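These notes are about the structure you will find just below.
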Amino acid sequence: MGLIQNGQWVDTWYETKQNKGNFQRQASKFRNWITQDGNPGPTGKSGFKAEKGRYHLYVSLACPWAHRTLIFRTLKQLESYIDVTVVDALMAENGWELNDPLYDFKYLYQLYLKSDADYEGRVTVPVLWDKKTQTIVSNESADIIRMFNTAFNQLTHNKGDYYPTALHGDINQVNERIYEDINNGVYRSGFATTQEAYENAYHQLFDALDWVENILSKQRYLIGDTITEADWRLFTTLIRFDAVYHGHFKCNKQTLADYPEISGYIRELYQIKGIEATVDMTHIKNHYYMSHTSINPTGVVPIGPELNFLLPHERNTKTALGGEK
Ligand SMILES: N[C@@H](CCC(=O)N[C@@H](CS)C(=O)NCC(=O)O)C(=O)O
């Protein structure tokens, strides 16, 4: 694991000393948008028009951020429009490794340098690549799922909307706490290098999970009775929680199996058409337990827990008004 400095790959773990043991996630640097007509999106340059076969998505099946983009590719029926390369489970001294179908690269950092020879920083998945201009469109999952939500609608005729205009305010508000305390919260717990940083992240995380459990006891989804991007952004952390974050990242106050509402909710989302195929638990566990050698030096991967997301979810009895149907 490392980063690019002065055009070179440097193998180094996350720097936490300057921040009192707190893990800080680097902001994504490629922030262009694919749009229906190629006009610029909310950030970045113009020229990325939605076209069949033009874009390529690089993901890790382990990564919760990349997982969001795979889910949206499925929900929005983009499989035949955007092809995917899955990087290897193990992220070692050269960072993400892959069999690259476009340039025959062995390492993902080579793709970053091809896009921008002056790029400095961490090399993360997901990456949305434009084959036409041979550049990275975006390496920010939050943006990529919003592009997928609408940019290709005219081509696919899939009108599913996970970020409806009327709900922007509510969705953004919920996203903010979930990102900080849960999505990134598990990493802040697991990558903390001081007791204090760990404990802060741990308490923030479980307070937020209690808050989610309470919301889900009153309504079916995070924003009432409509599934939105907020649910999918949360789902990719929840599905990894008991298998990885509980043990490996020391998020062990309780398991999610101890939260009845959250448990049913995970199962419901998992059982939505196409989603199960985006979850590879072996790949997920192998990646985390084998790649983070500073927190699991032996690389031994635990066998359990036994999880069955196909059990009945019983969420269809929940209504937005908090009553039972
Ligand atoms: N903001 C990015 C974060 C992506 C991210 O941090 N991905 C992790 C994998 S879960 C990664 O590639 N990490 C490699 C590294 O930090 O060196 C997004 O949401 O797209």
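In case you wondered, yes, glycine gets a Cβ from its N, Cα and C as well.
TrEMBL labels come from automatic prediction, so no person has curated them.
As recorded in TrEMBL, the features of this protein are as follows:
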- Cys63: active site, nucleophile (ACT_SITE)
- Tyr187: active site, proton donor/acceptor (ACT_SITE)
- Trp96, Arg122, Val123, Thr124, Val125, Glu140, Ser141: glutathione binding site (BINDING)
- 164-288: domain 'GST C-terminal' (DOMAIN)
- Tyr245: site 'Lowers pKa of active site Cys' (SITE)
- Tyr288: site 'Lowers pKa of active site Cys' (SITE)
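Recorded features from TrEMBL, shown on the structure.
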residue : record                               : DSSP (3 states)
Cys63   : active site, nucleophile             : coil
Trp96   : glutathione binding site             : strand
Arg122  : glutathione binding site             : strand
Glu140  : glutathione binding site             : coil
Tyr187  : active site, proton donor/acceptor   : helix
Tyr245  : site 'Lowers pKa of active site Cys' : helix
Tyr288  : site 'Lowers pKa of active site Cys' : helix
Rounded to a whole number, how many Å is the Cα of Ser141 (glutathione binding site) away from the Cα of Cys63 (active site, nucleophile)?
11
Quick one: of Trp96, Arg122, Val123, Glu140, Tyr187, Tyr288, which recorded positions lie within 10 angstroms of Cys63 (active site, nucleophile), measuring between C-alpha atoms? Sequence order, please.
Tyr288
Does any of Thr124, Ser141, Tyr245 have a Cβ within less than 6 Å of an atom of ligand 1? These are the recorded positions; tell me which, or none.
Thr124, Ser141
Show me the subset of Arg122, Val125, Tyr187, Tyr288 whose Cα is within 10 Å of Tyr245 (site 'Lowers pKa of active site Cys'); these are the recorded positions I mean.
Tyr187, Tyr288
By Cβ count within 10 Å, point out the most packed of the binding-site residues listed: Thr124, Ser141.
Ser141
Suppose you look only at the domain 'GST C-terminal' (164-288); what would the mean pLDDT be?
98
What is the number of other Cβ atoms found within 10 Å of the Cβ of Tyr245 (site 'Lowers pKa of active site Cys')?
25
Around Val123 (glutathione binding site), how many other C-beta atoms are within 10 angstroms of its C-beta?
23
If the glutathione binders are Trp96, Arg122, Val123, Thr124, Val125, Glu140, Ser141 per the record, what's the largest distance between their Cα atoms, in Å?
17
Quick check: of the recorded positions listed here (Trp96, Arg122, Thr124, Glu140, Tyr288), which one has the Cα closest to that of the residue listed as 'active site, proton donor/acceptor'?
Tyr288
